[in-house]
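S.K.: I'd like to ask some things about the structure below.
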Amino acid sequence: LLSQFDPDNTGYISTEKFRSLLQRHGSELDPHKLEVLLALADSNSEGRICYQDFVNLMSNKRSNSFRQAILQGNRRLCSKALLEETGLSLSQRLIRHVAYETLPREIDRKWYYDSYTCCPPPWFMITITLVAFFLYNGVVLDRFVLQVTHPLYLKNTLLYHPQLRAQAWRYLTYIFMHAGIEHLGLNVVLQLLVGVPLEMVHGAARISFVYVAGVVAGSLAVSVADMTAPVVGSSGGVYALVSAHLANIVMNWSGMKCQFKLLRMAVALICMSFEFGRAVWLRFHPSTYPPCPHPSFMAHLGGVMVGITLGVIVLRNYEQRLQDQTLWWIFLSIYVIFVLFAIFWNIFAYSLLDLKLPPPP
């Protein structure tokens, strides 16, 4: 094929030959791929098509140059929107629903719908929710949640405690403990309803990065701004994902075609506000084990800050290389600076400020 349409072996095919090829074999192609190929031909102003872009499309590997060529074409998709497709199976409708919930551009929604194979499945969010929370709490601790009034609440190796801040794993493992069944329930619901669709679209690597970055920022925020309090719960990671998703919807409001998007945002904000308000109330409520206070709420705010900075960049650049995004490097640098600052703060500030910390559990 290449030798026939590119006899000089330049790596390019003229748009005329490319169009004739599509007309001749268009009936054999998937309609979504055919539409993208036509859009690529329409958007090209140099009169030639890169053969590798054609190969990338047919093998479901979209290069950045190929994507930019389409987006810069100022073309209007000619066929009906993905939302108007009929005769879809249940799994196809689910994939289409996820596409409209998370992606603001029709070309991206069609590409995702055409290329998604559920391999690998959204394993990260499901594993960290079902296995980590329920298996550990239910089997190892012999209960699904530890109330703040339970005698073992502070006497476990998971939660972050200011007296044990040198045990670095606690800055991560605190997400596996929750201060009450309502705390666990709201986090699990938000994590599954928002995290699983996002992972289906953006992949485990990106979503796990945002989640873990929110978790670390949450515990470090507590160690800097609420230095005498312990921390439990996965709110740092959950709030990073949810706030990034909501910010992405707001920034692309006209392009988001998900049903009842205003209602969905309102429900998410109400759940987050209720859980955050409960955390604030609990923090200032008289402690069951004085002088150790109840858990801090600063982890929620740390997660939100990660979500509206790093998280928004991750979700906005669907299938684009983040290392090519200037704003990504700016926010990543800010995050790294904060982490380094918090580490040095934990090493020196506690002794310099001569704080009266609660006794170790």
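Backbone N, Cα and C atoms are what each Cβ position is placed from, and that goes for glycine too.
In TrEMBL, annotation is done automatically, which means it is predicted and not curated.
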S.K.: Choose the correct range: of 171-190, 231-250, which one does TrEMBL annotate as transmembrane segment? Give that range.
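M.R.: Checking TrEMBL against the ranges 171-190, 231-250, the transmembrane segment one is 231-250.
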S.K.: For the transmembrane segment (327-353), find every same-chain residue at least 6 residues outside the stretch whose CB is under 8 Å from a CB in it, and list them.
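M.R.: Long-range Cβ neighbours of the transmembrane segment (327-353): 162, 165, 213, 216-217, 220-221, 223-224, 227, 306, 309-310, 313, 317.
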S.K.: Report, in whole Å, the straight Cα-to-Cα distance of Ser235 (active site, nucleophile) from His300 (active site).
M.R.: 6
S.K.: Where else in the chain does the transmembrane segment (296-315) make close Cβ contacts, counting only residues six or more beyond its ends and a cut-off under 8 Å?
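M.R.: Same-chain residues near the transmembrane segment (296-315) but 6 or more away: 102, 174, 198, 202, 206-207, 209-210, 213-215, 217-222, 225-226, 229-231, 233, 235-245, 247-248, 251, 275-276, 279-280, 282-283, 322, 325, 327-328, 331-332, 334-335.
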S.K.: Starting from the Cβ of Ser235 (active site, nucleophile), draw a 10 Å sphere and report how many other Cβ atoms land inside it.
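M.R.: Taking every protein chain into account, the count is 32.
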